[in-house]
Structures are given as structure tokens and as C-alpha cells.
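Novice: Feature table excerpt (TrEMBL):
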{"type": "BINDING", "residues": "A:54, A:55, A:104, A:134, A:137, A:271, A:272", "note": "carbamoyl phosphate binding site"}
{"type": "BINDING", "residues": "A:82, A:174, A:230", "note": "L-aspartate binding site"}
{"type": "DOMAIN", "residues": "A:2-146", "note": "domain 'Aspartate/ornithine carbamoyltransferase carbamoyl-P binding'"}
{"type": "DOMAIN", "residues": "A:160-309", "note": "domain 'Aspartate/ornithine carbamoyltransferase Asp/Orn-binding'"}
């Protein structure tokens with residue numbers, strides 16, 4: 001694999017390959033010595049134009065466990081705030097000799113631009129771009145589902161026929177989009193639940209069932225997985241819903257709704273959580289919740305992605 | 001197209017494995033603290049077969065068998081096409097203080113074994129590590145030597161040795177082409 005930019009163009013086989021390698025990576029994380037020599041001598045740059053502590057430390061942990069050298073670059077306080085363009089930054093990284101660039105950018109498409117520009121030879125890994133995609137998040141979610149559903153027999157499996165309900169701010173969520181494309185290619189049935197104001201234009205053309213009521217969705221979609229999205233107060237520049245209490249009442253996963261779920265249904269959240277808003281403390285701390293597993297699995301999935309991107313001859317397409 | 005010649009047939013392979021099994025038991029003076037660790041894919045199958053033969057010879061407790069994937073420990077990842085990793089399974093009792101016999105199908109440059117020694121290091125500290133290979137074809141690039149060898153097979157560097165095993169390929173044979 002040359003770059004990992006989105007999940008929309010991933011094939012089923014590629015997705016399963018990444019998840020299977022993540023299984024092996026996860027097995028190494030149970031050992032006393034967690035570090036592998038795999039990417040010794042490689043340099044990975046975490047190029048973060050947007051603040052994100054958890055994604056950055058997850059990538060940093062993944063790179064370090066593979067013995068790569070990590071350079072963290074945050075736009076704040078860097079030459080970017082002095083007006084340096086993405087092109088100049090990329091050329092600087094090229095001169096430093098970066099083998100891989102993990103990029104988080106507020107503009108949708110920035111990683112694709114970096115990958116296709118010819119400014120830099122390094123493998124580009126999208127760590128979230130605007131409202132477009134966040135592929136490693138979707139992969140770690142799929143990995144977590146597969147683990148919970150199939151346990152030891154996960155290897156090689158897809159998610160055929162699994163019902164996944166994604167609730168919340170679909171419009172601003174790259175996680176929802178990346179998950180939709182990946183879950184579709186793995187064979188799952190996806191439903192979105194959100195107030196009409198938080199559904200992006202064109203959603204009805206996507207391969208997804210849309211509900212406005214969480215209770216109806218739980219009744220009709222019979223979910224194996226409920227995924228709550230964070231209400232991103234920093235992106236709420238307009239009145240998308242009347243107030244937080246009303247949101248919590250209509251679209252929040254409260255204890256009553258949790259009690260009505262089937263035994264096997266798991267609760268996922270990409271974090272950080274707004275307890276009491278999209279998820280109740282009871283739901284977040286219950287046995288069903290996979291929030292911390294998702295964090296741990298994130299490191300394994302990112303190790304797999306970095307391994308696939310940086311091993312093998314640079315420049316080959318396979 | 002080069003001609004393909006069969007070097008070992010099913011009976012030869014099974015004789016070679018029986019001899020290796022006897023040698024392992026003899027050098028270890030029994031089966032105490034013995035762990036067979038195969039290198040996927042065919043090394044793992046061979047390790048299982050050797051373990052079965054040893055339990056027939058010795059008649060006591062079964063020998064622990066593990067499987068050690070070395071993909072992530074290779075030093076040539078950048079030079080070769082990407083290869084997917086495979087599961088590593090170690091005996092639950094661990095390998096600290098044991099006699100580990102690494103088992104692989106073909107011993108060639110020695111780089112796989114070097115990687116395996118690194119990988120083993122991350123799992124614990126065996127008392128002794130030995131190496132068993134069904135075929136030793138020479139052309140070593142590192143100072144590594146096998147303790148137990150099924151067959152020495154001097155070969156040219158561009159020749160290809162294929163080990164086929166019943167469990168995976170439907171038949172037992174070693175061919176050179």
C-alpha cells in the first residue's frame with residue numbers, strides 16, 4: 001500500500017488484510033516486550049494542523065512500538081503560524097528524509113493533495129481531514145466490532161449482516177463517513193440517527209438507512225452495535241438543535257435505552273465523550289461499552305497501517 | 001524453464017524427521033523442558049510432526065509446540081515486497097529456562113534464523129536455543145549453523161527448492177528446479 005487516505009477506496013481484501021495484521025500487532029502488545037524492530041531506521045512525522053491529543057499519541061505509540069523515529073509537528077507555534085504553506089512544509093519534510101507522514105488537517109482533501117502533489121516521496125496516512133475521512137478510526141472500530149463479535153475466530157472474517165447504528169452529528173463527522181464506507185465494504189448494514197439539521201446534504205444517496213428517532217432505530221434496525229458520536233461543541237456555529245437537554249433526551253443513549261437493548265449489543269464511542277449529553281455515565285461505564293478497547297485497538301490498527309505503508313519498496317503500488 | 005527434480009519423497013521426509021526427533025531427544029537427554037518452535041508456515045507443520053514422533057519415541061508427556069512469526073523482525077522489509085504477518089503462538093508456560101528447538105523447512109541465508117532469534121528474545125530467555133532444518137541448502141550470509149539437519153542439499157544460488165507438505169499442499173515432497 002502506497003498511502004492510506006480514505007476507506008471509500010479500500011477493497012474488502014485490503015480492509016481484512018489490515019485488520020488481520022492488526023490482530024498480530026495486538027498479540028505483540030500483550031507481551032512483556034512490546035517493541036518490534038520492524039521499522040527501525042524509518043522516520044515518521046506526525047503533521048498535526050489540528051489539535052488532537054489522543055490520535056497523535058496513538059500514532060506516536062504505534063510508531064515507537066515499531067521502532068521508528070517519530071517527529072511531532074504541530075502547526076501551532078510553528079512556521080505555519082508565520083504563513084508557511086503546506087507545500088513548503090512538505091518539502092522541508094522531504095529534505096529531512098521522512099519516510100511516512102501522518103497528517104491531520106482541518107481542510108478536507110489535504111492528505112490526498114499531499115500524496116498526489118509530488119512534493120514528497122513519503123507514504124501519507126490520513127489522520128483526519130476536515131469533515132471528509134478518518135480511516136484509521138474506522139478501521140479500529142471495525143477491528144473492535146470483529147473482536148467483540150467473533151473473539152478468537154476474528155481472523156479473516158468480515159462483518160456480513162451486522163447491524164450498526166451510528167447516532168449523532170453525522171454532518172461534522174468524518175468518523176461517520178469513514179465508518180460507513182468501511183462497514184459497507186465489509187458487508188454490514190449501517191443506519192444513521194440524527195436530527196435532520198445534522199445530516200449532510202446528499203446523505204440520502206449513500207447506502208445507509210436514516211432515522212430521526214433513536215428509539216425507532218433501536219426497534220427497527222435491531223443493532224448489534226450502537227456508535228455514539230461526540231457533539232462537537234467547537235463546530236456548532238449555528239443552532240442545529242434547540243438545546244443540550246433536548247438533544248440528550250431525543251438522541252442521547254441513556255440508561256433506559258441501554259436497558260432495552262439486546263444482550264449482545266455493544267456501545268461504541270470514538271471519544272472524548274460528553275457524559276450526560278450523547279451518552280450517559282451508566283452507558284459509558286457498562287460492560288457493553290468498548291471505549292477503552294477502542295483506544296487500545298487504535299494502537300494495533302495504526303501499527304498495522306504504518307507497517308503496510310512503510311515496508312516494501314517505496315514507489316510500488318501494491 | 002529448468003527441469004524439476006524430486007529430491008525427497010514422502011518416505012524420505014518421514015525418515016529424516018524421525019532421525020531429527022531421535023537426535024533432539026538424545027541431545028536434550030529426554031524431553032524435559034523441551035519446546036519446539038516452528039517458523040510459519042511449513043516450519044510450524046514440521047515442528048508439530050516432530051513433536052508427535054518424539055511423543056511416540058519417549059511415550060511420556062507431549063512436547064510443547066509453538067509457532068513464531070518473524071515477518072516483523074526481518075531486516076530486509078524495505079527491499080522486498082510487503083508480506084503479511086502470521087500469528088505467533090507460544091506455549092502458555094512460556095519459554096524461560098527451556099530448551100527451544102527452532103524448526104524451519106529450508107535453511108538458506110540464515111537471515112530468517114537471525115530474525116527468529118530476535119523474536120524469541122522478546123518472548124523470554126530460553127536456556128538453550130537449537131536449530132533444526134529439513135533442508136540445508138548452503139549459501140549462508142550469517143554465521144549460523146543448524147544442529148539437526150534432514151538433508152544437506154548443495155544447490156546453485158538461482159535454483160529454487162520447494163518443500164511441499166501434506167497438511168498444506170496435499171503431498172509430501174522436496175523438489176529442486
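Along the chain as shown, residues are numbered 1 onward.
Yeah, the Cβs are placed from backbone N, Cα and C, and that goes for glycine too.
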Novice: DSSP three-state call for residue A:104 (carbamoyl phosphate binding site): helix, strand or coil?
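Specialist: The residue in question, residue A:104 (carbamoyl phosphate binding site), is strand (DSSP, three-state).
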Novice: Can you tell me how the residues of the domain 'Aspartate/ornithine carbamoyltransferase Asp/Orn-binding' (A:160-309) break down into helix, strand and coil by DSSP?
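Specialist: The domain 'Aspartate/ornithine carbamoyltransferase Asp/Orn-binding' (A:160-309) comes out at 65 helix, 24 strand, 61 coil.
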Novice: So of all those binding-site residues, A:82, A:174, A:230, which one's Cα sits nearest to residue A:104 (carbamoyl phosphate binding site)?
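Specialist: Closest by Cα distance to residue A:104 (carbamoyl phosphate binding site) among the binding-site residues A:82, A:174, A:230: A:174.
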Novice: Which ones in the same chain are close to residue A:272 (carbamoyl phosphate binding site), with CB under 8 Å and 6+ residues apart in sequence?
Specialist: A:54, A:230
Novice: Quick check: of the binding-site residues listed here (A:55, A:134, A:137, A:271), which one has the Cα closest to that of residue A:174 (L-aspartate binding site)?
Specialist: A:134
Novice: In sequence order, which same-chain residues at least six apart have a C-beta under 8 angstroms from residue A:134 (carbamoyl phosphate binding site)?
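Specialist: Residue A:134 (carbamoyl phosphate binding site) has long-range Cβ partners A:126, A:127, A:128, A:174, A:175, A:178.
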Novice: Which residues, sitting 6 or more apart from residue A:137 (carbamoyl phosphate binding site) on the same chain, put a CB under 8 Å from its CB?
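Specialist: Within the chain, residue A:137 (carbamoyl phosphate binding site) has Cβ neighbours under 8 Å at A:55, A:128, A:174, A:175, A:178, A:179, A:270, A:298.
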Novice: Just the number: how many Å between the Cα atoms of residue A:82 (L-aspartate binding site) and residue A:271 (carbamoyl phosphate binding site)?
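Specialist: Cα-Cα distance, residue A:82 (L-aspartate binding site) to residue A:271 (carbamoyl phosphate binding site): 32 Å.
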Novice: With L-aspartate as the bound species and A:82, A:174, A:230 as its recorded binding residues, calculate the greatest Cα-Cα distance and give it in Å as a whole number.
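Specialist: Roughly 32 Å, rounded to the nearest whole number.
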Novice: Counting other Cβ atoms within 10 Å, pick out the least crowded of the binding-site residues A:54, A:82, A:174, A:230.
Specialist: A:82
Novice: Across the domain 'Aspartate/ornithine carbamoyltransferase carbamoyl-P binding' (A:2-146), what is the average pLDDT of the model, as a whole number?
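Specialist: So the average pLDDT across the domain 'Aspartate/ornithine carbamoyltransferase carbamoyl-P binding' (A:2-146) works out to 93.
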